[in-house]
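Novice: Got a structure for you, written out below as C-alpha cells; questions coming shortly.
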Amino acid sequence: MGKPMQVSRYWRHFREKYRLIGGKCENGHLLFPKRPICPICGSRNIEEFQFSGKGKVITWTIVRNPPSGFEYYKPYPLALVQLEEGPVVLAQLTDVEPEEIKEGMEVEMVTRKIREFDEDGLILYGYKFRPIIKSE
C-alpha cells in the first residue's frame, strides 16, 4: 500500500476538499482546482472562487478494480460532474445505487470519508456527489 499523504499537505488542501474552492481569473474564467495560471487565457491574476457544489452527471462508470487502498469501496460509481458554474469535476458518487444513476442527474457535493490508513489511523475526507432529492 502506498504511503499516506503528509498531514501538512492534506491540511493545505483542506478548503478545496471540503468547500469546492477553485479560482477565477481576471477575465472571468472559472477553474477547479485553482491554478496559478489560467489555462484558457494565461492570466496570472487568479482569485479564490467558491463553487455552489451543485451540478449534473455528464457520464459515469462503475469502478470494479480500484487502485490500492480503495478495495473496501468496490464496486463504486465514478462520474464526471459539470458544476452549475461550468467546470467539470471527477468524483465518486455516493448515496445512490448504480441502476439509479442517469446522465443529466442533478447532484450536490457532500463531505465523505475517502480513505483510511490503518497503520497510523489517519482518515482522509473529501468531496463526493450525491443525487439531489426533489420534494414534491
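Heads up, the Cβ atoms here are built off N, Cα and C, so glycines get one too.
Worth saying up front: this structure is predicted, and the values here are computed from it rather than measured.
What Swiss-Prot records for C25, C38, C41 is Zn(2+) binding site.
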Novice: Starting from each candidate's C-beta and looking 10 angstroms out, tell me which of the binding-site residues C25, C41 has the most other C-beta atoms.
Specialist: C25
Novice: So, three-state DSSP: helix, strand or coil for C25 (Zn(2+) binding site)?
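Specialist: Strand, per DSSP.
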